[in-house]
Amino acid sequence: MDFNDIIGYALRIGVILSAIFIILGIIFLFTFQDSNGFSITQIASPNSIVNSSIFMPYEIPSGLSTLSPLDYIYLGLMILIATPVIRVLLGIIQFAIERNKLYTIITIIVFFNLMFAIFILPILIGK
Amino acid sequence: MLEPLQFFIVIVIISALSGILGALTGLGGATFLVPIYTLYLGIPIVYASGASLISTIATSSGAASAYIKDRITNIRIGMGLEIATTSGSIVGSLTTAYIYSHNLQFIIYIVFGIVLLSQVFIQISKSKYELPKAVKPDWTTKVFGLYGKYYDTALKMEVEYIGIRWWLGEIIMFFAGFISGLLGIGSGALKVLGMDWAMNLPMKVSTTTSNFMIGVTAATGSSIYWLFGYIQPFLAAGTAIGVLIGAYIGTKILVRITNKAIRYIFTAILVFLGIQMIMRGMGFGF
């Protein structure tokens with residue numbers, strides 16, 4: 001199998017997985033009518049007070065076993081954001097296999113930018 | 001106020017329609033989403049931008065997995081330009097955070113309106129030629145390996161091409177990334193402009209490579225949006241699903257129609273929404 005096909009499948013799997021989790025979360029939300037201590041009316045209003053700043057990504061896995069709707073939705077959204085990150089990571093491997101030094105370095109810089117935005121900035125800003 | 005289920009259905013339908021429009025015009029769904037959400041559904045612009053930025057990742061990744069098969073996307077050129085778009089996106093998202101925390105939202109409305117109206121110009125003056133004029137390679141062509149080839153099914157021939165002015169492409173891409181982070185859109189039109197106009201790449205290569213880049217740019221911005229609490233889960237969930245459905249339908253329609261009249265209707269929608277966004281930013285009604 002060509003490495004490009006692996007990348008194509010990785011992207012597709014990422015999108016499908018995230019859609020599955022998001023849809024599951026929405027189904028649970030309408031079934032249970034609440035999530036994580038918020039009622040569905042609070043969650044589903046245009047000016048909702050429920051947003052990503054009050055959710056810690058590392059708390060999400062524990063909410064999955066209790067079928068907590070918002071945790072499913074957030075996991076789906078996180079997988080969606082992670083898909084291009086995985087794609088860049090595969091890009092580094094691809095260029096390394098081709099022994100293309102310049103582009104291996106360029107892709108590592110792109111990967112660093114992503115890691116900077118996802119992990120380093122939150123520490124710098126102190127949130 | 002809408003009941004939760006009604007609200008969800010409305011979100012999915014609007015984002016599916018935006019996804020169809022986005023796929024047909026090549027602008028991406030977000031261009032239409034943010035104005036419709038803010039002007040007609042009373043959704044705060046922070047949440048509208050957050051949801052739309054997330055949705056651009058869905059369409060980019062979904063379409064990229066299909067484009068990889070055709071081998072038209074130039075991954076080398078795309079990845080090289082990502083240095084600038086991701087950096088631009090970080091600066092843009094942080095600027096947005098500053099703007100929102102100081103209640104200067106009107107700036108976002110006005111900039112968004114201007115971007116919409118400038119798209120009109122790009123839509124109208126869209127290059128009529130499939131293939132760029134032949135140019136002499138410059139030093140960046142060799143250093144950054146800006147060349148490639150693909151099989152064009154419409155022209156029934158193998159197209160070989162070279163890119164030039166890598167540095168100019170990078171400058172435009174930084175700006176594209178900045179706008180993407182600032183407004184929560186993919187800014188595909190600017191990315192195409194950078195490759196098509198600045199680097200002299202064929203239109204098909206520019207559009208598919210731009211689509212590939214949008215996902216990586218948006219992922220950078222989304223993580224910062226997440227941090228500041230601009231991702232509203234209910235809205236983002238409905239939007240992501242809706243745009244995915246819309247983009248899928250859009251690409252199916254795209255192969256059947258390439259009607260000029262339809263392009264004028266889209267342009268009219270852009271003008272309409274653009275003027276409304278600017279007026280809202282200046283404090284008139286809506």
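Including glycine, each Cβ sits where the backbone N, Cα and C put it.
TrEMBL lists B:7-33 (among others) with the feature transmembrane segment.
TrEMBL lists B:45-68 (among others) with the feature transmembrane segment.
Sequence-distant contacts of the transmembrane segment (B:80-100) (same chain, at least 6 residues past either end, Cβ-Cβ under 8 Å): 46, 49, 107-108, 144, 166, 169-171, 173-184, 191, 194-195, 213, 216-218, 220-221, 224-225, 228, 230. The transmembrane segment annotation in TrEMBL covers B:80-100 (among others).
Annotation comment: TrEMBL describes B:106-124 (among others) as transmembrane segment.
If you look up TrEMBL, you'll see B:166-190 (among others) marked as transmembrane segment.
The transmembrane segment annotation in TrEMBL covers B:235-255 (among others).
For B:261-279 (among others), the entry in TrEMBL reads transmembrane segment.
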Which of B:7-33, B:45-68, B:235-255, B:261-279 has the most Cβ pairs closer than 8 Å to the transmembrane segment (B:106-124)?
B:261-279
Counting only residues 6 or more past its boundaries, what in the same chain has a CB within less than 8 Å of a CB in the transmembrane segment (B:166-190)?
26-28, 30-31, 34, 48-53, 56, 59-60, 80-96, 108, 111-112, 115, 119, 122, 140-141, 143-144, 146, 198-199, 207, 210-211, 213-214, 217-218, 220-221, 224-225, 230
